[in-house]
């Protein structure tokens with residue numbers, strides 16, 4: 001039985017692990033996995049990734065409390081991919097989610113991260129035929145699914161569990177409150193006794209604590225509080241630039257019509273940051289550029305210069321979107337819409353923290369319109385078309 005688990009208050013667990021790894025490069029990940037991580041758009045690990053990836057890779061049972069939008073899926077997906085033996089063509093990691101939509105979303109993330117690896121991922125969910133399951137389960141190394149369908153397949157002997165070494169429960173609180181408790185318990189009993197258990201949950205009700213007591217061995221406990229970011233006080237606009245090639249012209253036109261002390265411009269790739277920096281410098285703008293490959297010392301110098309006002313424009317990848325406060329910035333420009341929806345609030349929150357007002361302008365191509373509508377839905381917000389009197393908004 002896991003020591004001390006039953007004494008934890010329902011609202012929050014106590015962290016008992018304090019190791020933090022700040023860079024993916026320092027996690028000793030498989031080279032092809034690392035390529036997938038950077039290719040997916042992750043640059044620097046989020047708070048939960050800095051704390052939970054390593055203990056999972058090391059084989060500890062892990063109980064992590066974190067809200068959605070903190071990088072949980074990336075956490076257990078990266079750790080699971082690192083632990084998979086690619087030479088074994090049988091299920092080695094089982095990931096459970098409360099809904100088929102979430103299971104499909106997880107499968108998509110795992111497959112993207114495993115793009116350069118020889119790993120097969122099967123989604124075991126309702127709405128597909130058992131024949132498809134039988135095919136997919138034969139040689140998939142990672143299975144993502146909903147409890148009912150997974151249990152059904154194990155019972156029908158389509159899903160061999162003898163090689164399973166990791167059992168991951170995402171959104172455990174939701175899963176247990178949705179009446180899956182019995183099935184989850186039954187699945188547990190059908191896995192090898194040495195299976196590592198990883199449980200992620202936003203809250204810690206008794207149902208979840210009971211599972212940890214029954215099935216986890218001295219788990220590493222990690223609590224990550226979500227950044228209290230809000231879009232309040234930030235005016236959000238978009239400019240339809242139609243095609244990618246018109247973005248630069250639009251940016252310089254914008255700068256001709258407004259007077260801004262400082263701005264942060266976000267691009268999705270290092271290459272784009274470098275290209276934009278060169279163009280703006282050629283047009284006599286004072287620009288700094290920052291991305292994750294830069295040595296820490298150089299990054300610190302660039303940030304210092306920007307804070308002191310000696311450069312007016314800071315161009316960055318999503319590295320800056322978390323954890324670096326630039327309080328004096330009143331304008332954020334998303335030259336590219338973020339690849340991950342969660343990064344939107346981290347990017348534009350720059351100008352709006354500490355009660356300061358801010359303006360965010362999104363450059364949107366015809367292809368981006370759908371993604372922008374998704375952002376509006378995700379954050380229950382509205383992004384208006386940029387008005388012609390933009391200058392008055394920034395003064």
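Just so you know, glycine gets a Cβ as well, placed from its N, Cα and C.
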Need the matching range: Swiss-Prot marks motif 'DEAD box' on one of 158-161, 162-165, 166-169, 170-173, and I'd like to know which.
170-173
By the record in Swiss-Prot, which of 77, 288, 330 is the one labelled phosphoserine?
77
Could you let me know which of 129, 201, 316, 388 shows up in Swiss-Prot as phosphoserine?
129
Taking residues 6+ outside the motif 'Q motif' (22-50), which of them lie with a CB under 8 Å of any CB in it?
57, 64, 66, 70-72, 74-75, 78, 81-82, 109, 112-117, 222, 224, 268, 291-292, 317-319, 322, 338-340
Just to be sure I understand, if DSSP states are collapsed into helix, strand and coil, how many residues of the motif 'Q motif' (22-50) fall in each?
18 helix, 0 strand, 11 coil
Of these recorded positions, 67, 70, 73, 77, which scores lowest on Cβ atoms within 10 Å?
67
